[in-house]
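Working notes, structure below.
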């Protein structure tokens with residue numbers, strides 16, 4: 001079936017149809033282009049989503065990523081990132097294999113179609129020209145025939161008329177002959193033009209037009225075939241990434257199967273186990289001992305003389321597992337809230353926290369830790385209680401078990417660093433030997449300098465390892481000793497559970513390094529420093545860096561503050577660090593923070609510089 005023979009008279013319809021075919025192809029190209037944009041945007045959004053939920057370095061999330069469930073989630077995010085990459089592949093292949101190629105093909109198609117229809121119109125113009133020539137020749141032949149017939153009739157009429165002269169008859173006869181000759185010439189010309197037209201028309205409808213229409217048919221079939229191939233390519237582009245997407249999904253499934261509930265539970269134990277033993281039973285407190293006390297027995301409560309005598313002092317049994325971890329530390333650091341503004345007048349009633357405002361019964365800071373300071377033991381973590389303090393190098397601020405793990409981790413890291421330095425030293429040693437044998441390859445002296453530097457680094461790292469291994473051995477020894485001690489104390493509690501409060505005020509070590517005692521009613525117990533070797537260390541008090549004069553009275557009710565009276569002279573041991581508080585000392589053990597705006601500070605420059 002050929003368009004040239006079947007559609008020889010459908011030139012205009014074929015022109016419209018081929019134009020429609022090109023428009024369909026352009027519509028498909030536009031569809032693929034928009035699909036590629038969607039895939040690209042989708043891949044970008046997936047990557048951003050995966051990046052958004054990735055574990056941030058140097059954050060709490062990085063510490064939590066050790067759990068199997070978190071690892072599985074991170075694996076899922078990584079697989080989704082690869083999954084997004086496959087959608088990018090779809091977008092890129094659709095653009096390069098379909099959009100670009102079909103756009104070029106459409107341009108070629110338009111050019112070819114234009115050329116074919118130009119040839120068709122040219123053939124039509126040619127046949128139309130021949131037709132016009134035929135019509136003109138036919139009309140001329142018809143006109144000449146009529147003119148010859150009229151001339152013949154005129155001659156016959158003149159010849160039959162006896163009144164007409166012979167000359168007029170001859171003239172009419174000649175005129176008729178001329179007209180007959182012209183008619184014969186027109187007839188010959190018309191016959192020639194007609195033959196030519198028939199020949200042109202035959203070539204037009206049986207040669208030119210079929211050839212042009214066949215080319216149009218081939219062009220259209222090529223367009224249709226190319227679109228079919230493109231649709232197949234469209235499917236193949238997606239099919240090619242299906243195995244990789246399947247692997248991504250398999251990775252997610254595998255990570256989900258790797259989640260271990262028991263392992264995560266064990267990690268929680270390893271992360272938060274303190275190494276302390278649970279507290280023993282609380283002993284009975286015999287308050288009838290107050291009736292047997294003498295006047296000298298109550299001398300221990302002299303430190304509470306500043307408290308309101310109407311408010312009875314209550315004994316507090318504080319069990320360390322139920323105390324906030326930073327409770328003790330907050331007592332020795334500056335208050336978290338901003339200091340109160342200075343009063344408008346020096347009247348005590350105008351001072352915040354003055355005597356006219358409701359007050360909460362509070363023991364002075366030095367009295368709170370009276371028993372702690374008896375033998376002058378101080379906690380290791382006191383070193384870091386200054387504002388802006390950092391974690392101690394020996395991790396003494398951590399519970400024993402966590403401290404042991406941190407120290408072990410530090411030792412392992414240092415050993416890895418040492419191994420790296422040793423490997424680098426071995427490589428440089430070989431390089432130096434090569435340079436020594438072949439000086440043209442490099443300078444052996446420069447390598448020797450690097451070897452000296454690496455040797456120094458190794459020595460420093462080994463010193464660090466010995467230091468941390470010493471702390472680690474110390475912690476491990478204390479943990480084993482504490483376990484033995486706890487077993488002995490468990491038997492002691494069973495035999496002494498009926499003792500009075502004077503015999504049952506046993507110190508307990510808390511996870512944050514603090515100890516809890518009941519010292520409100522028993523005589524002062526002298527504690528030797530060896531009992532607190534696990535978490536305390538002797539440290540000299542802060543030196544005095546100046547003096548200050550209180551210009552307003554301040555009744556320190558918050559933890560870590562100290563009360564002062566107007567005009568009182570005190571010692572400054574720590575400057576204002578920008579938070580509005582200054583640390584001062586009244587006596588050896590009575591110190592705390594007051595608002596900087598409530599005092600006039602006179603710093604000793606020599607002490608400050610030293």
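Even glycines carry a Cβ here, placed using N, Cα and C.
Residues 295-319 are the range that Swiss-Prot records as region 'Disordered', among 270-294, 295-319, 420-444. Swiss-Prot tags one of the stretches 229-262, 331-364 as region 'Disordered', and that stretch is 331-364. In the predicted model, residues of the coiled coil (67-259) average a pLDDT of 90.
In this chain, no residue six or more apart from residue 166 (site 'Mediates end-to-end attachment of dimers') has a CB-CB distance below 8 Å. Under the three-state DSSP scheme, residue 166 (site 'Mediates end-to-end attachment of dimers') falls in the helix class.
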